[in-house]
Amino acid sequence: MALPYHIFLFTVLLPSFTLTAPPPCRCMTSSSPYQEFLWRMQRPGNIDAPSYRSLSKGTPTFTAHTHMPRNCYHSATLCMHANTHYWTGKMINPSCPGGLGVTVCWTYFTQTGMSDGGGVQDQAREKHVKEVISQLTRVHGTSSPYKGLDLSKLHETLRTHTRLVSLFNTTLTGLHEVSAQNPTNCWICLPLNFRPYVSIPVPEQWNNFSTEINTTSVLVGPLVSNLEITHTSNLTCVKFSNTTYTTNSQCIRWVTPPTQIVCLPSGIFFVCGTSAYRCLNGSSESMCFLSFLVPPMTIYTEQDLYSYVISKPRNKRVPILPFVIGAGVLGALGTGIGGITTSTQFYYKLSQELNGDMERVADSLVTLQDQLNSLAAVVLQNRRALDLLTAERGGTCLFLGEECCYYVNQSGIVTEKVKEIRDRIQRRAEELRNTGPWGLLSQWMPWILPFLGPLAAIILLLLFGPCIFNLLVNFVSSRIEAVKLQMEPKMQSKTKIYRRPLDRPASPRSDVNDIKGTPPEEISAAQPLLRPNSAGSS
């Protein structure tokens, strides 16, 4: 898993191209300054302090950088090492790898997700993509005589590559080793778009560091950037002598290389920040730890995959019944009829337009079939002429050495289908002509009629209710006035008060007829009653 999966996918799916053989690279050193970490498991659960193996003096080591900015060189030339193309050039900037005036080598392409700012690495990648596209166009665009259907190339294209299968198998093996459930039925999925690689720190109990690999080629610089780090604790960290940090809560152990330049065995990487390195030269300013790199795979069980792919049905919530009834009545009385009328007119117009479109489709099919019939007639005439010209050599097919092709006229099926379409169009046109917008509205009358009675009652009540109310009020007022007029004389007679007895009118039964009194003086009940003086009475 040292090689990112979409790097070898790019190499596999795109055919390779050939370049002229460049001169060998001159980026060799007589003695390797790099050393390898070597761990030995002494007892389970404990890892001894790392030991280092330096290459013997005189062993040539090739050193190349994975990234070279555009402002580090004026010009670059191609060179070759171990059947691989590299760029070489002289550094013009002291801050560049190697220093000012030093000739260094770097990879032909930039690493995944990186750019050199429009330098030779980016230009080489663009050139490679253009050549591959032109090659694919040339291979698949050349027309060849028809010799039957050949799906062999399609099968080769669709076949999963061996290295991709190996990647899946390695992932599954690792899953079985680290998973306690040991899943047997699962789905391993790769993303179609680019996603960052996943960094998994080297676990505390790990016993596979004893693999020794001779380092004859060293790649300095980041191999992958923008990593996704899964864990930030229990890390095995690397500390160089020029670094200032000594403790970190995320690290459970520290290892200090004896030199500033060190490499890791294949399959293990230094992760510094969000970039992965195979070799470090001690110039990293951030904390580095040991990690594995895995592609951004997603593992699903059968149940998880089904729940992820197949969407669950959405259950409708049951609204409150009074709210439904109230909303239905208000909608029917307020805006129901207008909405139904608008929808009916809209669908009627849509049906007419659809009918016209179907008619045009039928006409297009008839026109296309006529063109095919005329083309077939021309081809048959040409075929007969070629058969006459090549009759001495056995006819056209024998002359070309190909299979004979015959034309089967199936225009009758197309004509029959067009006739059925036109019959349906005619029926729909008659239905629309007989129905009309008000005919479509009649289909909604069974739904509207139950609301017409309450609606008419409410309208009549609003129209005639005020008049009836005014009549009732006037009638009651007139009766009250009549009763008041009848009761007023009686009330006045009961409220008269006389000053003297002689002031009272004579009773019909009285025998005194010659007594003349003064007219009675009416005194209102509100005035005080005057009593006669005892001295003045006679």
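Keep in mind that glycine also has a Cβ here, set from the backbone N, Cα and C atoms.
According to Swiss-Prot:
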type	residues	note
MOTIF	186-189	motif 'CXXC'
DISULFID	Cys186-Cys189	disulfide bond
REGION	320-340	region 'Fusion peptide'
REGION	380-396	region 'Immunosuppression'
MOTIF	397-406	motif 'CX6CC'
DISULFID	Cys397-Cys404	disulfide bond
TOPO_DOM	465-538	topological domain 'Cytoplasmic'
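Locations of recorded Swiss-Prot features on the structure.
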residue: Cys186; record: disulfide bond; Cβ neighbours (10 Å): 16
residue: Cys189; record: disulfide bond; Cβ neighbours (10 Å): 13
residue: Cys397; record: disulfide bond; Cβ neighbours (10 Å): 15
residue: Cys404; record: disulfide bond; Cβ neighbours (10 Å): 10
Report task. May I ask for the distance between Cys189 (disulfide bond) and Cys397 (disulfide bond), taken between their Cα atoms and rounded to an integer number of Å? Result -> 50
Query raised in the report: Which bits of the chain, at least 6 residues beyond where the motif 'CXXC' (186-189) starts or stops, bring a Cβ under 8 A of a Cβ in it?
Result: 168, 171-172, 175, 297-302, 305
Query - Alpha-carbon distance [Cys186 (disulfide bond); Cys404 (disulfide bond)] in Å - result: 51
Query raised in the report: How big is the gap, in Å, between the Cα of Cys186 (disulfide bond) and that of Cys397 (disulfide bond), rounded to a whole number?
Result: 54
Query raised in the report: Can you count helix, strand and coil residues in the motif 'CX6CC' (397-406) using DSSP?
Result: 4 helix, 0 strand, 6 coil
**Report entry** pLDDT averaged over the residues of the motif 'CX6CC' (397-406)
**Finding:** 74
Query raised in the report: Can you tell me how the residues of the region 'Immunosuppression' (380-396) break down into helix, strand and coil by DSSP?
Result: 14 helix, 0 strand, 3 coil
